[in-house]
Ligand SMILES: Nc1ncnc2c1ncn2[C@@H]1O[C@H](COP(=O)(O)OP(=O)(O)OP(=O)(O)O)[C@@H](O)[C@H]1O
């Protein structure tokens, strides 16, 4: 393109931005005045609500008319409120668009058309003044997909009922700030390399940002996938899995806006910190956040406080510390209880329970056993064996409720009822009196009246006392799932079929499990199994309203947990995102994870190999010590080599770490993380340097983090990123086995711009497996402190 042509284009584009911003401003003005009127309307309706309805409840006809009038008024009010809400949301979007109306353009010549049409793409659609033509297309509109999928040349896109093909004759990107064009360039093969460079070169933020203007083609495949029931994404660290997942939520909410709401989408996130880290992305895209929680929070909710539940992080600390006398057996248990083989054992056990072995509780009323557990058991085992256990229990519940009805009648005549009636409030008497009056049940005979009052009082007292019991029966509380479950480990009444291959330490595992269950303590590996068992007996309250389930860091979920998830969310489509290299839980070392090739479920898999977060030298360093690391591709972004400082004394390491932090601060980095392997290690360094620097220790209870310096265990830093990362102790002692390698990789890949490692003694063998050109190695040995 000649300079003159370029200049002409620039002028035209500049003018267009101004025109679109003007149109948006006009729309904002109109909507503001509508919002204002609606708001006034709502206030008026609320204030005059009772004046505008005709209230008359004396006659039946009037009563009906009054009800209709109230209903009409209420509907009128809620319709206004709804419109007010919708317009306010649209105003929010327009205000954002006024700053930056669009970020891209493609000129598309449809097959059999004579000329190309420019398509401008932004956060949301904007129509022209006459509502006839699109000034801006929503990035999620079918036609916009070509922007992400194709370079200039032949291109096509799917509409709801056909595929449209043609040619992209121009592809352009814009940098627009405060409603003014600041830059633009035409792109070739991969979109956004210029823009991506500049976006990725920015500082890390404590809140994740949307990637809407620079979505990459392979990420777009994830975002717009509509076919897969189970979509698995294996993506290397920093490849944009989480970013793509959130864009996908926004896409689905747009694509299915008539039928899908944000409450019907659930995201399981790796830790509470991550929840707040990603919370702003969807609102930034003009959408509401989906339901977001950790799997721990979800399981905890299922148990309704009846157990103390170990967190996954406590399990991880146990594993890493290697100190407990039962360490080996527990580690075996972590593996075994993660597996589908264990689920099979539980399924066998459940089959047996349909014939014998289910444990019940006595039904007691006023400290007396009114239906003994043996009787309930007998009744249960007489119900039809072809029915499921929950259905049979439902029958038992109905039978018990019937027995309680008979009991109720007998109890009414007992002395305790009268005694209790003496303790009643005056209000109760008045109420009984009024009820009888309303029912016209008083006679002339006062003696009889007194009897009637007493009869009604007795009825009420017994019913009131029985109410909690009835509720418990309805909730099937007469079953004792825990005691039943414990039989699995006590070998009482049942032994595991010989066909099941159990771990060699099974007896010891049983011993530990039984002791924990007795204390009502569920380890992280026991929780899914117990919940699965309990729900199989009492019935799964399947969450059928949830249409989409997103699982981030999916490699950390066991096959058993996934099986449970499928039972809990039977109709949901699933998007599972993870990285096999960041598998940091014990089970993942030996067993299948959701991402391993052995995974049997029908699914579609997308692999992301390009890493966007870290600079090229950091990616090259980290990929060097990972199996299949050669599949990881760095994004071309220059930076400093990682540094390793090897020292032989903790004090020197501390001094050097402080120096390093100060240097990073001087370079302008705002988020700096000191990452340790365990919480113990983090606490130690925190204690040692907290008097010298403003620093925050992050634990599993931390739900939010701000700018500055944080000390954080690697497993809590999952999914998050920092400008600069300092590995507090990268010694071989600390990072040696395969799981520690994955933790080390996870920790190092949190860095966007700078990475430095400190080793007290021999550096980790993983660092040594990188070539010397990939990092700078310094050593300080035998410096005498304080002239000792
Ligand atoms: N297409 C993109 N445009 C701009 N930035 C991107 C893009 N894809 C990823 N990024 C950036 O790369 C970084 C890593 O993204 P994200 O956290 O989504 O990756 P991830 O695969 O979930 O990482 P991890 O598994 O390491 O937690 C973020 O800063 C994100 O904004």
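All residue numbers here begin at 1 and follow the chain in the order shown.
Backbone N, Cα and C define each Cβ position, glycine as well.
Per TrEMBL, the features are as follows:
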- 214-615: domain 'UvrD-like helicase ATP-binding' (DOMAIN)
- 235, 236, 237, 238, 239, 240, 241, 242: ATP binding site (BINDING)
*Cβ within 8 Å of the mean position of the Cβ atoms of 235, 236, 237, 238, 239, 240, 241, 242: remaining residues of the chain near ATP*: 579, 608, 611, 612, 613
_Other CB atoms, at most 10 A from the CB of residue 241 (ATP binding site)_ = 26
*List the binding-site residues 235, 236, 237, 238 whose Cβ sits under 6 Å from any atom of ligand 1, in sequence order.*
235, 237, 238
*Using Cβ-Cβ distances, find the residues under 8 Å from residue 239 (ATP binding site) that belong to the same chain and are at least 6 apart in sequence, listing them in sequence order.*
579, 608, 609, 610, 611, 612
*Three states by DSSP: which one describes residue 235 (ATP binding site)?*
strand
*Look up residue 241 (ATP binding site) in the DSSP assignment and report helix, strand or coil.*
helix
*Using a 10 Å radius around each Cβ and counting other Cβ atoms from all shown chains, which of the binding-site residues 238, 240 yields the largest count?*
238
*If you count other Cβ atoms within 10 Å of each one's Cβ, which of the binding-site residues 236, 237 has the most?*
236
